[in-house]
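Feature annotation from TrEMBL assigns transmembrane segment to A:6-23, A:35-56, A:68-87, A:115-136, A:156-178, A:190-217, A:249-266, A:290-312, A:334-367, A:387-407, A:413-435, A:447-469. The annotation coiled coil is assigned in TrEMBL to A:642-669. Residues or ranges marked as domain 'Histidine kinase' by TrEMBL: A:676-894.
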Amino acid sequence: MIQPALVLAVSFGYLLLLVAVAAHGDRRAGQGRSLIDNSLVYALSWGVYCSAWTYFGSVGRAASGGVWFLPIYLGPMLAMLLAWVVLRKMVRIARSYRITSIADFIASRYGKSPLLAALVTLITVVGILPYIALQLKAVSAGYEALTGGPGPADAAWWRDGTLYMALSLAGFAVVFGTRHLDLSERHEGMVAAIAFESAVKLAAFLAVGVFVTYGLFGGMGDIWARAQAQPDIAALLQLGGQGFQGFQGAQWFTLTLLSMLSVLLLPRQFQMMVVECVNERHILPASWQFPAYLLLINIFVLPIAIGGMLIFGDGGAGAESYVLTLPLSQGAEWLALLAYLGGLSAATGMIIVETVAVSTMVCNDLVMPALLSRGRFARTGGDLTQLLLNIRRAAILLVLLLGYLYFRVAGEAYALVSIGLISFAAVAQFAPALLGGMYWRGATRGGALGGLIGGSLVWAYTLMLPSLARSGWIPGGFLDGPFGLAFLAPQRLFGLTGFDELTHSLFWSLLVNVSLYVGLSLAGRASAREASQALLFVEVFQRGEAQPVFWRGRARPEDLRRLAGRFLGAARAEALFRDHARETGTALDSLTADARLVDRVERQIAGAIGTASARVMVESVAQEEPLSLGDVLEIIDEASQVRTYARELEEATVELRAANEKLKSLDQLKDDFMSSVTHELRTPLTSIRALTELMLDTPDIQPAEREEFLAIILSESERLSRLVNQVLDLAKIESGMAEWHNTDVDMKALIVAALRSTAELFRERGAEVVLDLPEQVPMVLADPDRLTQVLVNLLSNAAKFVPEHRGRVEVALRQQGDELVVTVRDNGPGVAPEDQAAVFDKFRQGGEAGNRPPGTGLGLPISRQIVVNLGGRMWLDSQPGQGACFAFSLPLSQQGRVR
Amino acid sequence: MRRRDGPRPEVLLALCGAGFLLLNFPLLLIWDQPLTVLGLPLLPVALFVIWAGLIAALAWVSAPRAGRGAKEPPDAGERNG
């Protein structure tokens, strides 16, 4: 036994330490070096999920049900797998629209409905009372276990220690949650303290676990080996029964699902995960660190439970305080005290965050709307920040006292875990409206209201009221159905049996909830405000910073400024307006109350008093014109038009970039062309110059030699002029300056003429030319001289590449549809596939650089230009080693076609 | 922030589905045998091992990886406007 004075002193000292941690956290936040800006602290703060229920109740549950304590922690594991998808969206929404509570979140989604906010708050308060009671029960039971037995049972209520504990916890919650006048900021100090508490409770529980497992026993294996001697303990670790018989699969599933939802929807979880989130990036690492924390804190639950049953032999009756009684019975009093501190951490952490969260909701969504609805209050009065704080403080006290009341009324009849599950089932009712609202644009306020009311009424009827009836506060006959109507029995609705009461309640309440939510949403129509809010929520990631503002009306800047001053304090209101003036680039005193300013003020006020109340307040100073659905669509349309423009701009940029690339490559081509031309010009010039110089220097040159030199000079000059002509030609054709003398041309005659002029070439190479011409072909409209140039080019090209003395060139003419096709096939080396595309490029000559026949490299490009200008095409078919086949086609002339 | 900063939602959904199956009946009944692992009863050991496995899988897919941005096409649905 430990002296009560010592326990009280240590507890009080510990709570003071917490205050110091919180103060330190706040100070660091003030210096801009946030203590909580890292994922581990963020994950530890989520550990507020482990309340006294976990700390004391899990062991109790394990002693009576074996592994059945686990689903409550497996659910969060599953939920955390989706945290990056779901939680991140919740955080982004809350951040974007300055949402500070779960009631605010739901109300804001469905058109900032004050009614919905009040309803959610009411459900939360009623639903959370059993949970608060659980903490009070656990701490007071722990205190009794530590100090030895309860006080006098007949003590008057004012001598009840639990009451004073509730009051002092309320005091601490007030200190933690409502110290700041700065209402809309996060509570950095509180988060730091909660993270600290999470570490303490984990360490304390692990210490007890190690003490029991390795101090009192020889490890987990030893505990199990000894437990097997006792069949009732050994049976604990089986699911019971074979196959599906006996195993309550439905209940297991229910517990998993319930805890999965609760880890997101309990007010304290929402507060820690969503409202207090410093940085979205922390969600990802925290989403696996938090389940790891849960796993660690649960590892020793079974060893402690079984170890306790082995030592005490009580069949698990006192299992909920094994964590304390086991060390105590072995004389390890300091360890027992540490374990008590761990339990205190678990309970206080839960109570502080839960009451802070609930008090915010009560203040913003129940009290403020009631106050604001009285016009006189809304219009007059100065700074309201102090009033807001006081309302919250009163709300914290009220919630704790109500929790105490529930503890007195129903606390004794239930185990810790069963009490907690009642609360879980209550907050699960938020799931359809909240999660559905984040992904389904069609959900309406009517659906959300119907679902929440229906679901929570069924919850109250099937779970909450029976818990009161169980303790005798409602006549016990109620459990068999009111007024003797057996089919309405709260735990066997319509005769549905076979479920435990929790599964039964959750099934019916969620069935009613989801049906009404979906049914009414589909049947009803969303108002303009709902539609706009739905859009802002569902597409929060697509919208980014530039939000469309759904507002039309008139307001005076001084009214807005006074309004902001009342709820934010004069200094912050001033800063808000200065910022807006700076961002819009107008002077502070010439600000107009346009839609953006109104929206900005409304959002800032929403951070202090909730979105629904903020809406009411802004309405009171602004003459608004009602938004029609058409207006909303227009605004949405504008927003999407902006997006369309942005996309078009992006596309245009891409096109410009491509065009620029093309220009650059053309420029490069021009440079290459210039350098090729000058290079081609230089070669003949060099030889002409060298030979003339030689002849000048040697006056007594032999006539035969002179003759030879002059012949070379002549041929080089001819080559030079040919080249210059061709370059000019090409330039003319390409720029469209060439003159064309088109007339009807007989292609057959043209080919024969071209062959005649190149016959000498073929004779020199010893090549054979085969003609394949039809009897008669239609006319084509063309410039005969240019066409001859093309034919001569192709023929001389073929002559150059055929092998000496074995050459064979086939020239064919065919009519194909409306075209005449000329092919010139040689049996030369052919053109490799990779070079085929380039043969029509300027100065690109076939063959190896060394043994390439002489030529300007302009013949084929010119030929193709001519053919293209005449409306035809030129192409090349070639396989390496099998010769090349150049071909071109020309359209028939009108006359030719008629014929 | 773009979604490619984290794991793809499909992967997380698949993990969650797998977790739901592994941690519920009927698969849970596989472990309901009177056997021991290293002297410990099979059922709780299996539950904790599956649990730890899910944590490890989540940590693994969450780990920042070089070149993730290059491998995954940016998700148009999540891009800031």
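Placed from the backbone N, Cα and C atoms, the Cβ positions cover glycine too.
Whatever TrEMBL says is automated annotation, not expert-curated.
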Tell me, please, if the transmembrane segment (A:68-87) and the transmembrane segment (A:290-312) are in contact, taking contact as 3+ Cβ pairs under 8 Å between residues separated by 6 or more positions?
-> yes
Stretch among A:35-56, A:190-217, A:334-367 sharing the most Cβ pairs under 8 Å with the transmembrane segment (A:115-136) | A:334-367
Stretch-level contact, the transmembrane segment (A:35-56) and the transmembrane segment (A:334-367), CB cutoff 8 A, at least 3 pairs = yes
Residues sitting near the transmembrane segment (A:334-367): Cβ under 8 Å, six or more positions beyond its termini, same chain?
-> 2, 6-7, 10-11, 14-15, 18, 47-48, 50-52, 54-56, 100-104, 107, 114, 117-118, 120-122, 124-125, 128, 131-132, 135-136, 138-139, 142-143, 146, 169-170, 172-173, 176-178, 187, 190, 193-194, 197-198, 200-205, 207-208, 211, 266-268, 270-272, 275, 323-325, 327-328, 388, 391-393, 395-396, 398-400, 609-610, 612-613
Can you tell me the mean pLDDT for the coiled coil (A:642-669)?
-> 83
